[in-house]
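Enquirer: Let me give you the structure first, and then I'll get to my questions.
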Amino acid sequence: MGPCRNFSIIAHIDHGKSTLADRSLTGTISKKPSGSNQQVLDKLKVERERGITVKAQTASMVYALKSQKYLLNLIDTPGHVDFSWEVSRSLAACQGALLLVDATQGVQAQSISVYHIAKERGLMVIPVLNKIDMPASQPARVILQLESMFGVDPVDVLQISAKTGQGVDAVLRAVIERIPPPSASAENPLKALLFDSHYDRYRGVISLVSIHDGVIRKGDKIASCHTRKKYEVQEVGVMYPEELPTASLRPGQVGYIACNMKESSEAHVGDTLYRVGAQVDPMPGFRPAKPMVYAGIFPVDTNDFIKLEESVKRLTLTDRSVSVQRESSSALGQGCRLGFLGTLHMDVFRQRLEDEYDANIIVTAPTVPYKVVYKDRTVIVSNPTEFPDLSDSSSGVKEVQEPVVKATIIVPEDHLGEMMELCFAHRAEDLDHRYLDAGATKSARIILTCTIPLSEIVTNFFDKLKSKSSGYASFDYEDAGYRRSDLSKMVFLLNGKPVDALALIVHRSGQQEVGRTWVKKLHKVIPRQLFEVPIQAAIGKQIIARETLKAMRADVTAGLYGGHYERKMKHLENQKESKRRMKRVGSVDLPQEAFFNILSTKAK
Ligand SMILES: Nc1nc2c(ncn2[C@@H]2O[C@H](COP(=O)(O)OP(=O)(O)OP(=O)(O)O)[C@@H](O)[C@H]2O)c(=O)[nH]1
């Protein structure tokens, strides 16, 4: 195998990464006729359905330039803000990146954030304008944006259509000519960075590695710097784009290895693998992913907990950014408390659990991690049930802080007013804005920045942003620490008894509205009982909102008589079935189904 290049494609969502990745692969590997774009790299069902890339994939291709064959390793990266951890992880194995910008849309919020991540990692960035086949494309204008935002020299910008294939060849040539080869040496002792892994039922854990120094071959005895465990390599190969076994992986190459690693927890992302007996210093690993949003996941049928926990464990192996803890709720039974990078990440995880593991689950409302400061210690609370009652003077709490983010919104000038209103309505501070297109005469775009509580954007901020800007606004955010805040725990009472799984943490400004909306929702989904049930929202001892659920008639079969025997039996049967899954909150019977309905309407 000849020299190699390791690169990645970085872009705002929908700017065409997967199309370009597929185009380069199908162009170089199987020479598929144009038009049969099979989206080779987007493998997960949820990715196909939602048209987004969630998990970075790796694929290799061979490209010949001036009679020299090059091995090009492409590491695909996700486009959504929730997955920026995956982006930085993929970039660790690269020396360069293609910054792909849609020529009809121009620079967007995530173009900026991914550009900075690549630059921080010292990568060579090649600017590429995509979709120039579209009549609405404005290459000259977007080149000016690249120049003013990133100081790009206009002559370095490539112009392509990933869809028709125009210019794609020039991109691959630029990868070879502009991106430096990995600085690795075959003479040095083996050092391989483990940057991803997945579980294979037959072969155990398969790890994706980037070889920094040395060579790795089948039969080699290797060890992990992290666990010091030893393994024998059973197979090595490249992703072509499916696994293709090779004799060895050489310095600078990216590929997979199968060794006798049995447990998913042994494959530690960021670990350095070395040859048994050699002395090597571990490479700097990755900063662990920081969960921004937490939610409880419970099986609809409480008997399924063990199965659910096992599925969660398997799935977290392919998605290391999810944190997992056990949780138990008096209303929902045993479950897991999971930490995610954002709400899209949470939705995707939930959908994968349902699709790939056939799980039937209830997900509680998303919560961000709050800081509760006591006189002598600070506690992070990511579960509303653990949040103290601040109206109780003996709680000893000095103050409460909530996580805030620095948000960047890019929007056409005509929508600036609505965007500012939206930000203020979500408790934004330090609002600032400036022009993105220097000197543009019409439909200029603005970059708006502000700090905003994370809890405000984990609900439906993004949907509102899109609808208020007619789809034109793009949005990204980064962690900006904690801010003191006026928060309290809201609990919901059924017949005077609190339902733990429904507790929320709310800001004073939203208490009334949240309380009223929720009580109404509960009223809609809770089945009538044999007696009247008050449904209340409370903060401490204060009741914020109330609805009353009227009593129902005692016998569900009372209205059925005589010849309707079958119908009657069926009714009784149904009643028995839902009883099995009934939860009792105080004196109120609640089917799991009601929780499912409440919580699935809640996020909207
Ligand atoms: N006309 C035209 N359409 C394109 C081109 N490249 C991509 N598209 C279309 O743009 C849409 C988004 O492309 P994707 O490749 O899925 O975008 P992506 O950046 O991978 O998206 P994420 O993985 O979700 O971040 C798809 O409908 C593509 O068919 C192009 O060069 N020309």
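Note: Cβ is positioned from N, Cα and C throughout, glycine not excepted.
According to TrEMBL, the record shows the following:
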- 11-18, 76-80, 130-133: GTP binding site (BINDING)
- 2-183: domain 'Tr-type G' (DOMAIN)
Enquirer: Checking proximity to ligand 1 here: which binding-site residues out of Ala11, Asp14, Lys17, Ile132 have their Cβ closer than 6 Å to it?
Expert: Ala11, Asp14, Lys17
Enquirer: If H, G and I count as helix, E and B as strand, and all else as coil, what does DSSP give for Asp14 (GTP binding site)?
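Expert: The three-state answer is coil.
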Enquirer: Tell me, what is the mean pLDDT of the domain 'Tr-type G' (2-183)?
Expert: 80
Enquirer: Among all the protein chains here, how many other CB atoms are within 10 A of the CB of Ile132 (GTP binding site)?
Expert: 21
